[in-house]
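Q: Starting off with a structure, shown below.
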């Protein structure tokens, strides 16, 4: 079975490819031809994931997945939430988003910097749609650390492993991250519900 990821984000596709290595062939949107990124107009990350999955599902007969991720910071009443990718503006870089977040939390004690990273995966295969969720709890540290990953990984500290997501290798990250937790559930869902429909 092949899985098409509705994304041009190389880092995201590489994480998913690494996770499914040996089980399923993972293709990016680039691998199947012309696909334009969908404007994320949903009010929730679930809606955005479905928008992206539906936009590519009509281009292939393969299983399509799309994800959307939100960072929910308790002290900021759940922000950036659905606006995680564009927190500092539409064309913001990862560094811009991290800087805005760190500036908003300047002076806030560590015990009040609790946050949850949540990934929602929308799956479409032969007319069937499903939503799968994974999350990881942690804190936002005050200085970025680590050389791996992308996005908010350098500032998201996972207490369970005592490191930021950016301090973890891809293999380590794929054991604890929000996306990894969602992918584990996705793998189980495919095995239990879809493998017989090929």
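Think of each number as a place in line: the chain as shown, counted from 1.
Each Cβ is built from the backbone N, Cα and C atoms, and glycine gets one as well.
What TrEMBL lists as substrate binding site is 7, 8, 9, 10, 11, 12, 69, 150, 151, 152, 153, 173, 178, 179. According to TrEMBL, the Mg(2+) binding site annotation covers 39, 68. What TrEMBL lists as active site, proton acceptor is 68.
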Q: Output the one of 7, 9 that, of all these binding-site residues, has the highest number of other Cβ atoms within 10 Å of its Cβ.
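A: Most Cβ neighbours within 10 Å: 7.
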Q: Rounded to a whole number, how many Å is the Cα of residue 11 (substrate binding site) away from the Cα of residue 68 (Mg(2+) binding site)?
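A: If we compare the Cα positions of residue 11 (substrate binding site) and residue 68 (Mg(2+) binding site), the gap is 14 Å.
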Q: For residue 39 (Mg(2+) binding site), what is the tally of other C-beta atoms lying within 10 angstroms of its C-beta?
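A: Step by step: centre on the Cβ of residue 39 (Mg(2+) binding site), count other Cβ atoms within 10 Å, giving 10.
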Q: Report the same-chain neighbours of residue 153 (substrate binding site): residues 6+ apart in sequence with Cβ closer than 8 Å to its Cβ, ordered by sequence.
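A: Within the chain, residue 153 (substrate binding site) has Cβ neighbours under 8 Å at 146, 164, 165, 166, 173.
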Q: For the binding-site residues 11, 69, work out the Cβ neighbour count at 10 Å and name the residue with the minimum.
A: 11
Q: With every protein chain in view, what's the tally of Cβ atoms within 10 Å of the Cβ of residue 68 (Mg(2+) binding site), excluding that atom itself?
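A: By my count, 24.
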Q: Quick check: in three-state DSSP terms, what is residue 151 (substrate binding site)?
A: coil
Q: Least buried of the binding-site residues 151, 178, going by other Cβ atoms within 10 Å?
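A: Least crowded of the binding-site residues 151, 178, by Cβ count within 10 Å, is 151.
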Q: Return the maximum Cα to Cα distance in Å (whole number) over the record's substrate-binding residues: 7, 8, 9, 10, 11, 12, 69, 150, 151, 152, 153, 173, 178, 179.
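A: Value for the max Cα separation, rounded to a whole number: 20 Å.
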Q: To the nearest Å, how far is the Cα of residue 39 (Mg(2+) binding site) from the Cα of residue 151 (substrate binding site)?
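A: A Cα-Cα distance of 19 Å.
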Q: Helix, strand or coil at residue 178 (substrate binding site), per DSSP?
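A: For residue 178 (substrate binding site) - judged by DSSP and reduced to three states - the answer is helix.
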Q: Three states by DSSP: which one describes residue 11 (substrate binding site)?
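A: It is helical.
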Q: Measure from the CA atom of residue 68 (Mg(2+) binding site) to the CA atom of residue 151 (substrate binding site) and give the result in Å, rounded to a whole number.
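A: Rounded to a whole number, the Cα-Cα distance is 13 Å.
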